[in-house]
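Enquirer: One structure, pasted below without further comment.
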There are 2 protein chains.
Amino acid sequence: MANRQIRLMNEARARASFDSRELTEFIYGGADVVAKREAEFARIEAALQTPGPDTLPPLYGEVPRTALFLDGLRVGKAMLAEKLAHKHTIFDRITPRYVMGNASPFGVHLIMFVPALKLLGSEEQSREWVPPAERCAILGAYAQTELGHGSAVRDLQTTATFDKDTDEFVLHTPTPTAAKYWPGGLAFSASHAVVLARLVIGPQDYGVHAFLAQLRSLDDWTPCRGVELGDLGMKLGHNSVDNGYAVFSHMRIPRANLLARHAQVRRDGAYVVLDAGARARALYGVMLCTRSALVGHIPLQLAQGGVIALRYSTVREQGRLPFAPAESPEVAIIEYRAQQHRLLSLMARAFALWFAGREAGAAYDATIDAAGGIDSPRLADLHATLAGLKAYATQTVADGVEEARRCCGGHGYSALGGFADLGPSAAAMATVEGDYWVMYQQTARWLLKRADAEGHRWLPRARLAPDADVRNPAIQLDVFRHRAVRLVAEHNASLRDAVQQGRSRAEAWNTHMVGLVSAARAHIEHTVLHAFVAAVGRAPPGPVRAVLTRLCSLFALTTIDGPHGLGFVEDGHVSGEHLRQVRKAVDELLVTLAPDAVALGDAWNFTDASLASALGCRDGDVYERMIRWTRQLPLNVEVAKTAGVFRPGFEEYIRPIIRGKL
Amino acid sequence: MANRQIRLMNEARARASFDSRELTEFIYGGADVVAKREAEFARIEAALQTPGPDTLPPLYGEVPRTALFLDGLRVGKAMLAEKLAHKHTIFDRITPRYVMGNASPFGVHLIMFVPALKLLGSEEQSREWVPPAERCAILGAYAQTELGHGSAVRDLQTTATFDKDTDEFVLHTPTPTAAKYWPGGLAFSASHAVVLARLVIGPQDYGVHAFLAQLRSLDDWTPCRGVELGDLGMKLGHNSVDNGYAVFSHMRIPRANLLARHAQVRRDGAYVVLDAGARARALYGVMLCTRSALVGHIPLQLAQGGVIALRYSTVREQGRLPFAPAESPEVAIIEYRAQQHRLLSLMARAFALWFAGREAGAAYDATIDAAGGIDSPRLADLHATLAGLKAYATQTVADGVEEARRCCGGHGYSALGGFADLGPSAAAMATVEGDYWVMYQQTARWLLKRADAEGHRWLPRARLAPDADVRNPAIQLDVFRHRAVRLVAEHNASLRDAVQQGRSRAEAWNTHMVGLVSAARAHIEHTVLHAFVAAVGRAPPGPVRAVLTRLCSLFALTTIDGPHGLGFVEDGHVSGEHLRQVRKAVDELLVTLAPDAVALGDAWNFTDASLASALGCRDGDVYERMIRWTRQLPLNVEVAKTAGVFRPGFEEYIRPIIRGKL
């Protein structure tokens, strides 16, 4: 029996201009891929005994730290079992809830530990240590971050001192700030870790190298001598993983455990660099691998937030427009232009980032050769793009998921809405693997270098033709490119001026830091729009290409008239009149796209279980499901057993108050 | 023994240009107020046995729903005891952690239930029901929001049908969407509630009225017949309060329980309106009371986030500037201009909102007379200002706290950083008591009405003089005012054009909704800057006024060159050259303000316990405290007892994996 909300959802779905299944196939790369994905999700959700959408997801009840971690282990084990049994990699990088894989206790094993062994270990080490595909005889963590240092690798403080007498390295934590802190799985789930530490031989510090350290006995899992391991406690999210700390106290590991692909220590303590350049690139390589995984997958989290909010807005009838007749019925809030603006531009960003992520992934694959070597001429470009895209994508996703939550009103604040998990997961990504302000500066530095190499060529200060059609993708790309190139050129000139006036380059950089970051951001926004336009060109002709064309234009236009829009306008390139055209075009696009909203969400092909949201289920049955899940909450079930009174609270706190016994 | 971080903090504190105590006194309104505040905080923290800063705050360990709620009851009882024993109101509106009072199970009793009885009840009812100051014989909730409707009061669906035979009203929940859902304390903590329901007498629906309903027996706290009560489960935050639901099933309450200040039902079923206008105003009045409490207090949450991030940035030494000599020491991240920009502009916003909130509070007090009556000529103005300010303040605080968290890198993500509580608390405020898009539209509607009343006068399209000094507060106010007035005038004209072209006013409003919201926002930003400039004028002459002058200018200039900056520039009023001057001035302000950063935080006078952050304690001892708290986590303490192995996880999940038994 379809209630009103289910009927509204069905009607909205029927209004679409395209077949959402066809768009699904374009998003993920073909009908066969989609069919495989569906089978993979169905299997793992069955393996995890994920309840159907009428049952409260168990973790929305009582969620102490220990229970969350135990559930993480349960899900992690099921993911590994699925991977080994069915030989696929879908859950190597994401969990069955579309959170990044490092939210699972064994996620870092797949995302960082194994790639690090391959990139940094010698062939012999790789053969010996990389677990064969059919089992995981060891489980690894990647211990880079310390209490006092994150992605600034060169300043790490943990030491690995060579002891010639015993032919061992001695791992040690010399100060509180040197404690390894944050690595996923490090607390209780990993048997081994790749540990980044300063190689010290005699009086000489050779800088940071990678070592394989066994942390726990494979027999009884007790910690090895010389290491203290523990959990970091509750975090905003990712509580199913045991992000941990390690304090080393003169812990000994064999000399052979220096990852020796590019540098080795001989028996006599001699340090031999096989290939210094390759060594530096390989340490980068691990970070690039992680960043490419990140930018490739987090757009899915933005899409999830958008799907929940779009579906809920379709069935949430509340209020009416100002000046509407007093007795007119309430309208579904997706009818409000502001709600369309918020949610459709958010969906446009999800698509934009998805296609940009695919492009960056392909660039990464082209840079890393099959043997794990890194193509050095391409490394700087890839690094600059991935750094900036990591910054832009994570910030956009984190902000966008929060915006989607706010689009759901009060219910977005309830765990049952699905955002209690999704929001903090997305928020984590803006920080892990490099804060976005740091990342943007890496892109900025490369942009200035490239501008210098190109001899400070600079486009004329042409204004956009007054009659330029702002709906035209070629014009949009030009506008984005103009802003990016102008900002780089201007800041480059400012930096040179400051240096000529006697300031150090470092001081000059600091003065212009905020502007340099906006130049990098502008460059990345051009890159993203470029990838989106290219993807539209590959889309199936007909209704799917038509809807993507509109979304792409919406992305471009809401970026121009967006929070970083000053850069388009301040030099007069885009005029006030152009802005009026932009807003008119946006309004028209929203009107055209509104009937496609639900189908655009459907196209992402998320299961109800992966959304775990009473607001976002496919059927639209929001209100009855909210009440149903609420009644299933453990606290309510318990209190019902004691005549509807929460006894501990009443006796201890409430009775004294109402009896005046305070 | 001061370690390096403590020394860095002491040095930074010593660099201030002003006495932070003097600024504290200006913020809160005098030395006596500050001394009283300090005594009040000291007493309640002692009463709660709040541990000192070397001990892990207990709630950062294992935090199941039930434990969080129990702790809320514990804190709530202590707050009431403190209030009754010492006759003050400091914890009526905030908790000892500076979260809004409705995060406590008894917060709504003070913030909404008692004010509602006073505003809506007859004098006799007030006398009978309002608990005397010296005790709380009943505890109240305010049951407005339903599963399907929030602040849209007129569409509420709960019914109160008069039964002439028994002289009672019958409260009923006719549909799932009519279930009361969200009211604080409604689940298990309230004995009574003010319930908003449609008054039905015979065939006639008289619209929404307020009723006092007893929900639980005062003897044994069991729910009364005809009402099902329960908790909503985990939320993003505010988990110490039992936001609840109530489903009424023909529950009977006496006729005398209609709150009868402005309308009554006689024994024969006749409906008598004593003062229809006053009745409508009084329902508003409860919302205005809550909104004024909100805008008055949430700036403190932004200040808390800023204090944590500023202190941590002072002792967190990481990285160095690009082009700095390779061997130069790492710098405290507050030295980076981008970090200064993020954090000092955030602190400037906290001050701006604080002073704007004080002004709005005074306006509220001037509008509500001592007897609880509402001065009608001022009501529309107050309503428009509070709606827009609520939107602006909550959005700014929620976004700003998240920005402060991101300024803390990875550690901001740990519960130990303090943001796991602070962030979601701030986020809630953007939604409760009216979504900000809805709120802004109420301001916009009033602005258009006022513009119409003023006969569409419109300032000439004067450009700002090329040599105008952007540092001058009078110029800044002019720039803000120009944008606000222009946007209102333009959108008013667009609306009229659309109507002349045959569209309904409602349709026209929808088309221009996004622009109308930005007009309202621009108006509120002018209001806020105006309040800040006025406050600076009242500040103690000397160093305190000097630092506030700089912060005020920073607020104005970073707003002009900010995410809504297009509105200043698009009509050519502010030129590209002005923007360059703005950026130069901002850079100079940041350089001048940087040495004052820690002292600006100190001035807010937060206790370490109220911040509950290992990153934000006054002494700066960040890293050793992080490790100390981490070691105290219950899971780590437990695992240490079993030879360092997390037994349940190892036996069930890990051993099968490494044994290949998947």
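From the backbone N, Cα and C atoms, a Cβ is placed for every residue, glycine too.
This is the feature table in TrEMBL:
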ACT_SITE  B:GLU433  active site, proton acceptor
BINDING   B:THR145, B:GLY184  FAD binding site
DOMAIN    B:19-138  domain 'Acyl-coenzyme A oxidase N-terminal'
DOMAIN    B:284-448  domain 'Acyl-CoA oxidase C-alpha1'
DOMAIN    B:473-658  domain 'Acyl-CoA oxidase C-terminal'
Enquirer: Please list residues from the chain of B:GLY184 (FAD binding site) whose Cβ is under 8 angstroms from its Cβ, counting only those at least six apart in sequence.
Expert: B:ASN102, B:ALA103, B:SER104, B:PRO105, B:GLY107, B:VAL108, B:ALA141, B:TYR142, B:HIS238, B:VAL241, B:ASP242, B:ASN243, B:GLY244
Enquirer: Can you count helix, strand and coil residues in the domain 'Acyl-coenzyme A oxidase N-terminal' (B:19-138) using DSSP?
Expert: 79 helix, 2 strand, 39 coil
Enquirer: Grab the pLDDT values for the domain 'Acyl-CoA oxidase C-terminal' (B:473-658) and give me their mean, rounded.
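Expert: Mean pLDDT across the domain 'Acyl-CoA oxidase C-terminal' (B:473-658) comes out at 96.
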Enquirer: Which number gives the other C-beta atoms within 10 angstroms of the C-beta of B:THR145 (FAD binding site), all protein chains shown included?
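Expert: I get 25 for this one.
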Enquirer: Quick one: Cα separation, B:THR145 (FAD binding site) versus the residue listed as 'active site, proton acceptor', in Å?
Expert: 10
Enquirer: Run through the Cβ atoms and count how many others sit within 10 Å of the one on the residue listed as 'active site, proton acceptor'.
Expert: 24
